[in-house]
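Here the structure is laid out as structure tokens; the discussion comes afterwards.
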Amino acid sequence: MIYTANSSPSTNLQWLSTLNTDDIPTKNYRKSSIIGTIGPNTNSAEMISKLRQAGLNIVRMNFSHGSYEYHQSVIENARESEQQFQGRPLAIALDTKGPEIRTGVTKDDKDWDVKAGHVMLFSTNPKYKDQCDDKIMYIDYTNIVKQIDIGKIIFVDDGVLSFKVLEKIDGETLKVETLNNGKISSRKGVNLPGTDVDLPALSEKDKADLKFGVEHGVDMIFASFVRTANDVQAIRDVLGEKGKGIQVISKIENQQGVNNFDEILKETDGVMVARGDLGIEIPAPQVFIAQKQLIAKCNLAGKPVICATQMLDSMTYNPRPTRAEVSDVGNAVLDGADCVMLSGETAKGTYPIESVKMMHETCLVAEKAIAYAPLFNEMRTLTVRPTETVETIAISAVSASFEQQARAIIVLSTSGTSARLCSKYRPNCPILMVTRNAQAARFSHLYRGVYPFIYHKARASNPAEWQHDVEERLKWGMDEAVALGILNKGDVVVAIQGWTGGLGHTNTLRVLECV
């Protein structure tokens, strides 16, 4: 259904009351992007192409695992797959390991049983690094004794084991009480909920990984455990001039990140609500609130936001998801997430293609439940004025798309900014971005509703040829959309462009007919 910004329904509740389970969404246009983690089961050009056909937009590499040779093979396979879909970009994301705390290695690398109520020691003394047992366990965070308070809880192995701090024995030793039965194993992750961790933003491994990403042309960084705006700047410093076009997406995974979110949002290019570690660092029911809060703030700022972790987790080993998982994906879309992410489902799962298809179908249905006109009016009302010229044009384009009942907004873009700002105001039609900037085309998959196309024909060499070049790009973009089934001949299209080439010149809006 298409409606104008001033027509009914005037509220979200009215729109929801008109939904019909018999309505089948179109299969050729999904606004939300899908991120898939590539693992051993999916690391081939053939498999990545199959995932793309199922709906994949962004390839994720998890640098907590795998060698540089392995990750290079993922990049090569992704680029080979991209070539099979001429003009349609595929983005590549590098997910950093980030600052993390781990236990040491147990004696003989065996598991040691512990019972609730058992009292033992945690030590930062390196002599216990490979001598852990049920009496003493090494922790590789030197400042843990200084930073943690008595009475605080320490989680080990994603919360499988929990301990309460009883006493600070000395500058490197804690006495703790085991709160549940379990096993002490080697090299398990440690979480300190409610404790400010002063680890450096980037380890030496992270710095090397970022430099690898720059050299191999990744499009975005998923930066783990971002706690302050300074963490984002530290990443940009490592990326340097050569990597200045790489988007930095800050993963919010602990209370510090939530507390400092406003300053992080100003500095970062986008955000990931990483619910796994976040659900350990803060009470699990509060993750629900954090997800809605962080997504809303990103929407208001016009910055892309990803919802991640366990979205279709049961599909790792089952052909169908639980109903709760489907609702989780759908509600993330309703919350305002630009992208949804698959982890183990595609990295190691038995049903990677089915997982992407299910994500695709769920997003399609969820997007029908959004009242776009009331949402646009709310976003426009909340916009701080005066706006920059490019944002004014974006607002006008989205407004015109409602009033003209347009089937698409087509954006001629250099940097992707105008497409991102159109996405901010959530039109109910696709945003077709035509650009010569391959990197901008790829990372524009982060923005909801944006369909990026890479235009390969050379730029006009003089101002006299500029308008002819504009008309050629508009016609080419519409032809590509017709070929994909997004547009039909005769459809109304809103077009925005610059008065000349280069960055920051977007100031022109037109209403066209697809011919």
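For all residues, glycine too, the Cβ spot is worked out from N, Cα and C.
Per Swiss-Prot, the features are as follows:
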BINDING   R60, G276, D277, T309  substrate binding site
BINDING   N62, S64, D95, T96  K(+) binding site
BINDING   N62, F63, S64, H65, R102, K188  ATP binding site
BINDING   E253, D277  Mg(2+) binding site
SITE      K251  site 'Transition state stabilizer'
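Note on proximity: of the recorded positions R102, K188, K251, the one nearest R60 (substrate binding site) is K251, by Cα distance.
Spread of the substrate binding residues is 18 Å (greatest Cα-Cα distance among R60, G276, D277, T309). Measuring Cα to Cα from F63 (ATP binding site), the binding-site residues that fall within 10 Å are D95, T96, out of D95, T96, G276. For K188 (ATP binding site), the nearest of the binding-site residues S64, T96, E253, G276, T309 in terms of C-alpha separation is S64.
For the recorded positions listed here (K188, K251), the lowest count of other CB atoms within 10 A around the CB belongs to K188. In the three-state DSSP reading, T309 (substrate binding site) counts as coil.
Just so you know, the Cβ of H65 (ATP binding site) picks up 14 other Cβ atoms within 10 Å once every protein chain is counted.
Non-local contacts of G276 (substrate binding site) by the CB criterion (under 8 A, 6+ apart in sequence, same chain) comprise D158, E253, A308, T309, Q310. Considering other CB atoms within 10 Å as the measure, the emptiest surroundings among the binding-site residues R60, R102 are those of R102. DSSP classifies G276 (substrate binding site) as helix under the three-state reduction.
Residue pair N62 (K(+) binding site) / K251 (site 'Transition state stabilizer') shows a Cα separation of 13 Å. Around D277 (substrate binding site), the same-chain residues at least 6 positions away in sequence with a Cβ under 8 Å from its Cβ are N191, F225, E253, N254.
Note: the CA-CA distance between D95 (K(+) binding site) and K251 (site 'Transition state stabilizer') rounds to 9 Å. The K(+) site is defined by N62, S64, D95, T96, and by the 8 Å test on Cβ atoms against their centroid, the other residues of the chain that qualify are M61, F63, H65, L94, K97, G98, F222, S224.
Of all the binding-site residues listed here (F63, S64, E253, T309), the one with the fewest other CB atoms within 10 A of its own CB is S64. Of the listed binding-site residues, namely N62, T96, the sparsest CB environment within 10 A is found at N62.
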